[in-house]
Amino acid sequence: MSDSVQNPVWTSCKDAAGIAGNIFAFGLFVSPIPTYRRIIRNRSTEQFSGLPYIYALMNCLICMWYGTPLISADNLLVVTVNSFGTVFQLAYIILFIIHAERTKKVSMLASLLVVLGLFAIIVAGSLQIHDRMIRWISVGSLTVVSLISMFASPLFIINLVIRTKSVEFMPFYLSLSTFLMSTSFLLYGVLNFDAFIYVPNGIGTILGIIQLMLYFHYKKKSVQESKEPLIV
């Protein structure tokens with residue numbers, strides 16, 4: 001390890017970025033709470049889909065495993081953020097299963113079992129790789145694919161905003177939290193010399209900037225249109 005990495009100032013900056021990422025991620029994790037208040041109040045999942053929580057759980061599990069000392073070094077803050085994420089996603093999935101109709105219950109339960117099964121295979125399989133470098137690269141590659149898939153999901157929202165010229169379906173604080181979390185872990189990955197963290201979060205940061213630019217562009221446009229007189 002180089003002297004720059006061991007430098008206390010360098011380490012403090014890295015830890016600060018990781019802690020900030022944990023805080024901003026918490027904002028993302030609690031964002032579905034209003035939706036679940038509605039589900040619990042109506043005792044129905046209505047037209048809501050549970051798949052985003054399944055995908056998020058898989059992502060959190062893979063990233064949590066990558067952050068453990070068995071896979072990578074000095075990534076405790078990656079473990080903490082994804083441990084919290086795992087707890088939240090499991091809670092959302094259980095609540096979804098409880099209030100869903102029978103068909104959705106079976107589908108969600110099956111999806112949950114598949115995710116847990118895949119994660120068990122990943123853990124068991126990676127532990128069979130005795131070369132630490134190959135193990136790190138293997139699980140790290142899975143982490144990159146998982147994170148990029150998660151960050152790519154806003155592309156559908158971006159396309160919808162451009163087509164409808166409306167930010168109704170792109171909540172500002174959710175977009176801001178995504179951008180801040182991605183930027184924090186981009187810095188954390190750079191300061192930790194970990195490409196498996198800074199590459200996908202760099203992509204997430206770029207997508208976050210695009211979302212915020214679109215939000216302010218179309219929000220300003222809608223405000224200007226609302227100020228135009230109805231009769232000329």
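Glycine is treated like the rest: Cβ placed from N, Cα and C.
Here is what TrEMBL says about this protein:
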- 16-36: transmembrane segment (TRANSMEM)
- 48-67: transmembrane segment (TRANSMEM)
- 79-98: transmembrane segment (TRANSMEM)
- 110-130: transmembrane segment (TRANSMEM)
- 136-160: transmembrane segment (TRANSMEM)
- 172-191: transmembrane segment (TRANSMEM)
- 197-218: transmembrane segment (TRANSMEM)
Touch test for the transmembrane segment (48-67) and the transmembrane segment (110-130), at least 3 Cβ pairs under 8 Å: yes
Beyond the flanks of the transmembrane segment (197-218) by 6 or more, those residues with Cβ under 8 Å of it: 75, 78, 143-144, 147-148, 151-152, 154-155, 157-158, 161-162, 165-167, 170, 172, 175-176, 178-183, 185-190
Residue numbers, six or more beyond the limits of the transmembrane segment (172-191), whose CB comes under 8 Å of its CB atoms: 10, 13-14, 17-18, 20-21, 24-25, 27-28, 31, 77-78, 151, 154, 197-199, 201-202, 204-205, 207-209, 211-212, 215, 219
